[in-house]
Amino acid sequence: YTMLIIVLAFNIAVKHSSQLHTARSAHSVNCSRIGFPNIPCAVTPYTEILDLSHNQMTRIQQQYFKTLSKLKRLILSFNKIAAIEPGAFANNSELQHLDLSNNSLHDIAILPFNHLKSLTYLDISNNLYDTIYLGVEIKELKKLETLMLGTPSVSFLKVGSLSMLRGLPLQKVHLITQDLEEYEPGTLTALENLRDLILDFQIQDQYGIIHPLKKLNLSTLSLNHITLDDRITINLFENVLRSTIVEMHLSNINIDSIGKWDIEIISSQQINLHKIYINNIVNPNFFKFYSLKYIQNLFQQLTKLSVINGSMYYIPCGVSEKLINLKYLDVSFNLLQEFSFIPKCSNPFPGLTSLVLNDNKFSHLRQLSVMTFQMRNLTRLIATSNSLQLPGEGMCSWSRSLRHINFSHNKLLANVFSCLPSSLESVDLSYNAISTVPNLEKMSNLREIILTGNAISFLPEFAAGHPVRVLSIDRNAINTIDVDLLRSMNQIQLKLGNNPFRCSCAIQSVIDYIEHSHIEIIDWPADYRCASPLNIQGQVIKDLKFSTVECNIPLFVGVLLACIALVVALCVILCIKYKVTWYIHTLWLWVNAKRHPDDLMEGNFEYHAFISYSERDSDWVKNKMLPQLETNNPPFHICIHERDFRPGKSIIANIIDCISKSYKTIFVLSKSFVQSEWCHYELFFAHNQILDKKKDSLILLLLEPIPAKSIPDRFCKLRKLMNRKTYLEWPQGEFQQNFFWKRLKAILNTNFQPQCLQNNPGNE
């Protein structure tokens, strides 16, 4: 009943395409890791690709794929499949790719493949069977081209193991076993039409495995996880060099040898091997290893050679000069340095076009350029993840044929551009320490420049007509983008993402240009986010919204200037109305005069009083006031401007000097007084004297009635003083005038003596 429920659930899911934990397109469904069959997978009759890997299947039932007649690719790896029911694939005649690897199949001889007429790829490797024997049903796979089989549990191979493969159009076989205890000669001869053979096991002493290689029509041989001693190596190369093999891969090799290989020399014209790829070599006898110069002639025909992670630290000139046909050389993850890689060779690798030096010990870029100078055909140089630096400035000596350079993940600075050859068409300098990009006019052929992951702060500028078409400058320190500079790059494919952009309203013009132009910005908008200010940090730039006033600077400035002009005009009107400029001017005169304290006798008065009066009231002062005061017994010492101002000093300085030297200041108030500019100054300075000395020294003498309306606005202090201070009013009657003079003298009758009397006591 449980299984019936599961089947019904599966069929319901197929019919109704229920939305579950699946990721699918119109014809592709990914139900990996969902817990199938306990959780159904939503498929349709039109599904062509189905991924059910990493689930809980233990048995493939007939109903599972019954409705999937259009299925072309089925991935069932990493389940627990132990059995497949007959007819499970009866309705899948269009299936081309079937992956059953890493399951629990115990017997591959009974697998029901007879209906899979279109199958071209089959992977049944890494299951639980310990014997390789294929049943007759596999012969029905008339289109099978690729077969992956075997497990680490298989310990022997017999002729019958692969005999059922005869006549099949196999092009590639990957065979996995453990260390073989038994190999029956002729087992591999069943693979008569094979082009690509991958053997993943220890050869050891089973030489019979190697001998058939020269009889097969192989083009590619791959050997994984093998141990090579001197005898096996000699046997391997003598058979490979005499076979049709063009390409050989050796991976995870343990060399139990010192390189003393007595290989029979044959003519290079008879050798078909042109490509050798070696990866991950373990050689305990590394420092005892023989030089291989004696067999270098065997490899003259090589066009591609890759020796990765092989502890290589030296390449003799003899070897590099003999490999005349080599076009591609990859010696990554070794111990090579400038002085040990083709040191001072006259004609190293004469035909080489591509050189890969990743993850070695190179450190000096200028020496590296000299090293490659003799490689006259070199067009591509890749030297990533070294420690390349360029001390100082200066030119470098590169091969003139260089077109493409990749120096990413090194320690290069901005001066690297002075070292690059002008012939370059593309350069990758990503993940270095470059902070600026200089003028690149000399690099007139440069079409692509990659500067990802440096410390560049600004977009580089390119002259009009420069051929650069691709610029990657993402993951740098760019925080602002000049929209005019961006506009000049409309023919360039730009990658600017993951920079610390400062999102002010200035960036709005950049957004508008990108959104409304045909410029190609890679990874826009997802990788373009704000780094500052903090309140919008991490926000996608495209989603920013700024107000019109905030981003329209001319409008904002215009409004601001208009407001300022209005305020200034208002201030001017107020200043004119209330005579503010007069007060400012007077204050300046006061401050300027106070800068000369040597002219003042602070605290030492020379006069009893200074009289401030209008010129029109001069006769009254001279004829009436001065005789009354200066003929008094004792006489009062009076200061008036017409007599006591010091020649050569400014009027303002004289006013301040006289007020400061006088114990009292008498203001003779009249209609003409309030119209006098100088009287206004004297009143202002006398009032400030009160503030400085904190002593009331003003005497107001009203010579004639003054209507309040006749007092100008600038005499606001006088108006205030008359409102709160008692003043003497000049009477018209003679009797009242006598009393007036007595009151005035009483005010001036002080106990101090002016300084002039102190210095001249005889005058008393």
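From the backbone N, Cα and C atoms, a Cβ is placed for every residue, glycine too.
If you look up TrEMBL, you'll see Cys317-Cys345 (among others) marked as disulfide bond. Around the Cβ of Cys317 (disulfide bond), a 10 Å sphere holds 14 further Cβ atoms from the protein chains shown.
According to its DSSP assignment, Cys419 (disulfide bond) is coil. Marked as disulfide bond by TrEMBL: Cys396-Cys419 (among others).
Each residue of the domain 'TIR' (605-748) gets a DSSP state, and the totals for helix, strand and coil are 80 helix, 23 strand, 41 coil. Residues annotated as domain 'TIR' in TrEMBL: 605-748.
The signal peptide feature in TrEMBL is assigned to 1-17.
If you look up TrEMBL, you'll see 555-576 marked as transmembrane segment.
In this structure the C-alpha atoms belonging to Cys345 (disulfide bond) and Cys396 (disulfide bond) are separated by 18 Å. Averaged over the domain 'TIR' (605-748), the predicted model has a pLDDT of 80. All chains included, 18 other C-beta atoms sit within 10 angstroms of the C-beta of Cys345 (disulfide bond).
Here the C-alpha separation of Cys419 (disulfide bond) and Cys317 (disulfide bond) works out to 26 Å. In the three-state DSSP assignment, the secondary structure recorded for Cys396 (disulfide bond) is coil. According to DSSP, Cys345 (disulfide bond) is assigned to coil rather than to any helix or strand. Rounded to the nearest whole angstrom, the C-alpha distance between Cys317 (disulfide bond) and Cys396 (disulfide bond) is 22.
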